[in-house]
Amino acid sequence: MNTVFNGKDFANKYYLMLKEFLKERNLRNKITLKVVLANDEPASKLYVSIKNRVAKEIGLNVEVIKLSANSVQSDILEVIDRENKNLSTDGIIVQLPLLKGMDLNSILNGIVSSKDVDGLSFVNLGKMILGDKKGFVPCTALAVLKILRDEGIKTSGKTVVVVGRSPLVGRPISILLSSKPHDATVIACHSKSIYLDVYLRQADIIISAVGKPKLIDKSMLCGKPYVIDIGISEIETDAGKILSGDTDFDNIKDCVKFITPVKGGIGPVTVLMLMFNTIKAHLINNNMFDVLDRLEKLVEV
């Protein structure tokens, strides 16, 4: 095994850089992110608390708008509409998953595109496809690009197998990596791909985001690829519940050049890119394009 990625150390380095960036430009505590939480799942509460802590550490204002678990879709849309009109709100995210029966697209597209810092609205996904840099790229996809760049993992001309096709993660990653300047040859697979092992053996880089525990083992690999594991699932063991990625980590770790673990892997970098997008939103909405240029050079993807 060559490298097990340390996402916490990676992200912490950039958190300090963003903190200094905001301080130097007198922007600390002048940028506001609103987080809408409408479920009682422990995992969602944990993710929100992490985003809240990181934002405050670097100097962003965060307000968590907690709705009742009995909330209906119109309650969330009402909050979104209010924050769309709130001039002091720079970014809005809705913590997923939504409650059963809610229309994900209606809620995500309720957020005005200039404040959609998760980058999941139709407008921002369209801008991503067209290469419009004023749009917001989904944070996990952006995190993948950041890891590849900073770790010196070349994509141009390489074969990248992306396992997962969700519009939130897998599909944006496939589109971005096949576009300039990344120029990869992307093979898009999913949990129903019959010949997944055949495709994986062709891969220079594997990116998996399907949420199926231990889907990928060493029998499916060839030539020590780079692996970014985005999937996360709970599995039962004799010792109780544990987290698992899409890869069988212990099984493949000696058969790869690079791998991201489930804990402390892609997660901290995804939060980092949410902070980046939130600062970017403030700068664009206030026509601070010279400062935006410096930000993009600081956190280059």
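Just so you know, glycine gets a Cβ as well, placed from its N, Cα and C.
The NADP(+) binding site feature in Swiss-Prot is assigned to Gly164, Arg165, Ser166, Ser191, Ile232.
Structural mapping of features recorded in Swiss-Prot.
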| residue | record | Cβ within 10 Å |
| --- | --- | --- |
| Gly164 | NADP(+) binding site | 23 |
| Arg165 | NADP(+) binding site | 18 |
| Ser166 | NADP(+) binding site | 15 |
| Ser191 | NADP(+) binding site | 13 |
| Ile232 | NADP(+) binding site | 18 |
NADP(+) site span - longest C-alpha distance across Gly164, Arg165, Ser166, Ser191, Ile232, in Å:
15
